[in-house]
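Peer 1: Below is the structure I would like to discuss, written out as structure tokens.
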């Protein structure tokens, strides 16, 4: 006797199956369920940034010109943060601040919250896209896991840090020179370069660059001879079945150079993944600490001795004085509403910095 086993038939026009079939269809640009989050959010974030840098002034929030329309260029244009008085308002277009007036919304800095929030969800959507595609083609999800590093940095710097401070005002504005100014702010007010989490972040990013350069050069150096062409690129054949380069030769080379070398490709590539992602996560954790105003290293004994002994000075004490100068200049400029007035004798003078 034969028993036929099968699925219970579903309705012909099941909405979920119809959407799933369309979203995950094989096409030139994969959409997927993650695309429902990624594409609209990325479109709005980029569109908001291009609109802001082209047309919108920062006169009402920072007293600055920040658009191409006002004479800025690509390096100096920015979408600026809202004023400090607006604290952590989401600045919705229909909210009590703008009351549906688009021009007023732009003047208040509404484009910054618009770009920041849509940008954060776009990055999350991109990570989900990598998860979804990896599952579809039966890959491990390490690409998506690695992308959590940039997401952690973005969220910590643009969202968590200002949430810990008095308002969105203290987040970075979206522009090149604006980010540079934010870096100087971080140094002056938080002594960020002496923060151990920043040190781990720098080690991770620069270490990853070094590993990437070494790995790429080593692979190119140990390509198997598989033709009689005159250049390196003769081996770029998508149908090649055999191994591209000699791990044994590479291992012998670096063993002679350093005395130690990777002998396992899996460990080598995991290490190349681990170094930058860990560095980015450490940086993100450090920025969360700054949101709570946690201090970096303080070498108080050196500061006390430098204050008592005019002949004693270290690079650390010089940097502390430099930070004081940054604070004295930036606080009065960035926060005019606080009416901060410093006597002339405490302000740094020109090249004396």
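Glycine is treated like the rest: Cβ placed from N, Cα and C.
Annotated phosphothreonine per Swiss-Prot: 2, in sequence order, evidence recorded as similarity to another entry. As annotated by Swiss-Prot, transmembrane segment applies to 41-61, 125-141, 153-166, 208-228, 279-295, with the evidence given as sequence analysis. Here Swiss-Prot flags 215, 262 as plastoquinone binding site. Annotation comment: Swiss-Prot describes 215, 269 as Fe cation binding site.
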Peer 1: Is it true that the transmembrane segment (279-295) and the transmembrane segment (153-166) have 3 or more Cβ pairs under 8 Å, skipping pairs fewer than 6 apart in sequence?
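Peer 2: In contact, yes.
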Peer 1: Please report, as numbers and ranges, the same-chain residues at least 6 past the borders of the transmembrane segment (125-141) whose CB is under 8 Å from any CB of it.
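Peer 2: That would be 24, 30, 32-35, 37-39, 41-42, 147-148, 151.
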Peer 1: Where does residue 262 (plastoquinone binding site) sit by DSSP, helix, strand or coil?
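Peer 2: Coil, per DSSP.
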Peer 1: Are there residues at least 6 beyond the ends of the transmembrane segment (153-166) whose Cβ is under 8 Å from a Cβ of it, and what are they?
Peer 2: 81, 84, 87-88, 116, 119-120, 123, 172, 280, 283-285, 287-288, 290-293
Peer 1: Can you tell me the CA-to-CA distance separating residue 262 (plastoquinone binding site) and residue 269 (Fe cation binding site), as a whole number of Å?
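Peer 2: Cα-Cα, rounded: 10 Å.
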Peer 1: With every protein chain in view, how many other Cβ atoms are within 10 Å of the Cβ of residue 215 (plastoquinone binding site)?
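Peer 2: For residue 215 (plastoquinone binding site), the 10 Å Cβ neighbour count is 16.
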Peer 1: Tell me the Cα distance separating residue 269 (Fe cation binding site) from residue 215 (plastoquinone binding site), rounded to the nearest angstrom.
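Peer 2: Here the two Cα atoms are 9 Å apart.
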Peer 1: If you draw a 10 Å sphere around the Cβ of residue 269 (Fe cation binding site), how many other Cβ atoms fall inside it, taking every protein chain shown into account?
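Peer 2: I get 14 for this one.
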